[in-house]
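Enquirer: This is the structure, below, for whatever I ask next.
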Amino acid sequence: MARLTVITTGGTISTTAGPDGVLRPTHCGATLIAGLDMDSDIEVVDLMALDSSKLTPADWDRIGAAVQEAFRGGADGVVITHGTDTLEETALWLDLTYAGSRPVVLTGAMLSADAPGADGPANLRDALAVAADPAARDLGVLVSFGGRVLQPLGLHKVANPDLCGFAGESLGFTSGGVRLTRTKTRPYLGDLGAAVAPRVDIVAVYPGSDAVAMDACVAAGARAVVLEALGSGNAGAAVIEGVRRHCRDGSDPVVIAVSTRVAGARVGAGYGPGHDLVEAGAVMVPRLPPSQARVLLMAALAANSPVADVIDRWG
């Protein structure tokens with residue numbers, strides 16, 4: 001019988017509607033696992049009860065520390081219940097900083113615990129099954145959601161009526177038992193602290209945008225800025241000039257990385273503005289959404305790794 005630890009952090013999976021109709025975390029871990037009828041020895045750690053929009057990088061460290069404590073206590077696998085708003089960031093940070101062999105599986109819900117057809121119990125049951133499965137060993141951090149097992153790298157939240165929750169690279173399925181059908185990339189960068197990682201900001205690009213927001217981020221201490229660019233990685237002349245100032249002309253160059261506001265799109269320098277961004281000193285992040293490009297840059301800078309090499313390998 002597998003020994004598993006469930007670490008709760010809040011999120012929709014733990015929420016119910018109050019008298020005012022507002023959803024807030026109310027369910028503890030013991031309530032979440034009640035009635036799941038799992039053939040495992042399950043310990044619960046109620047770490048937080050937060051909407052994931054309130055989480056900070058310091059909370060990623062708290063979650064990572066709780067995972068390590070569970071493994072020191074003899075857990076064979078860990079499941080983390082998490083809000084879907086920022087699950088893609090937490091999952092990637094953990095994957096970038098966890099080198100262990102025992103599985104860490106994140107899950108959550110699209111519907112509150114008191115909603116008709118709530119998806120939380122099934123998602124949690126599936127995540128526990130993945131964490132207990134010998135095939136998940138040595139895969140590091142996984143996401144189990146909506147009947148699928150997903151790789152954290154490249155994951156992004158989507159709104160679908162089938163409650164799948166996320167788009168990303170599928171590693172397998174959980175319907176009718178756990179089936180892992182693909183190998184997984186483990187983008188480990190080191191045992192890093194998110195709370196002390198260099199500041200990385202995200203700046204939106206839009207018609208008529210200029211470099212004011214980028215300048216403000218750099219003035220506030222950002223070591224890197226992710227541009228949420230247009231299309232396949234494009235921006236106007238004022239933004240390109242701002243990139244040149246910060247990457248080429250300054251005495252203390254800043255990393256400017258280019259992602260896109262188009263969900264699931266690949267970024268490249270195929271169009272004139274994208275080509276000009278690269279010539280100005282920006283680096284393209286071909287596959288990651290802005291949220292995850294930021295996390296990857298935080299980890300790369302914290303590890304003192306060459307950013308271009310890290311992006312070329314995992315971005």
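Cβ coordinates are placed from backbone N, Cα and C, and glycine is handled just like the others.
For 2-315, the entry in Swiss-Prot reads domain 'Asparaginase/glutaminase'. If you look up Swiss-Prot, you'll see Thr12 marked as active site, O-isoaspartyl threonine intermediate. Taken from Swiss-Prot, the feature substrate binding site applies to Ser52, Ser53, Thr84, Asp85.
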Enquirer: If you count the other Cβ atoms within 10 Å of each Cβ, which of the recorded positions Thr12, Ser52, Ser53 comes out on top?
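Expert: Result of the Cβ crowding comparison: Thr12.
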Enquirer: List the other residues in this chain whose Cβ sits within 8 Å of the Cβ centroid of the substrate site residues Ser52, Ser53, Thr84, Asp85, in sequence order.
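Expert: Counting only non-site residues, the set is Gly11, Thr12, Asp51, Leu55, His82, Gly83, Thr86, Leu87.
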Enquirer: For substrate, with binders Ser52, Ser53, Thr84, Asp85, what's the maximum Cα separation in whole Å?
Expert: 9
Enquirer: Please report the Cα separation of Ser52 (substrate binding site) and Thr12 (active site, O-isoaspartyl threonine intermediate) in Å, rounded to an integer.
Expert: 9
Enquirer: Please report the Cα separation of Thr12 (active site, O-isoaspartyl threonine intermediate) and Asp85 (substrate binding site) in Å, rounded to an integer.
Expert: 9
Enquirer: Summarise the model confidence on the domain 'Asparaginase/glutaminase' (2-315) as a single mean pLDDT, whole number.
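Expert: Computed over the domain 'Asparaginase/glutaminase' (2-315), the mean pLDDT is 96 on the 0 to 100 scale.
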Enquirer: Please classify the secondary structure at Thr84 (substrate binding site) using three-state DSSP.
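Expert: Reduced to three states, the DSSP call for Thr84 (substrate binding site) is coil.
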Enquirer: Output, ordered by sequence, the same-chain residues six or more apart from Asp85 (substrate binding site) with a CB under 8 Å from its CB, or 'none'.
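Expert: When sequence neighbours closer than 6 are ignored, Asp85 (substrate binding site) has Gly11, Asp51, Ser52, Ser53, Lys157 within Cβ distance under 8 Å.
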Enquirer: What same-chain residues, at least 6 away in sequence, bring their CB to under 8 Å of the CB of Thr84 (substrate binding site)?
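Expert: Same-chain residues close to Thr84 (substrate binding site) (Cβ under 8 Å, separated by 6 or more) are Gly11, Thr12, Ser52, Gly108, Ala109, Met110, Lys157, Gly165, Phe166.
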Enquirer: Kindly assign the residue listed as 'active site, O-isoaspartyl threonine intermediate' to one of the three DSSP-derived states: helix, strand or coil.
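Expert: DSSP call for the residue listed as 'active site, O-isoaspartyl threonine intermediate': helix.
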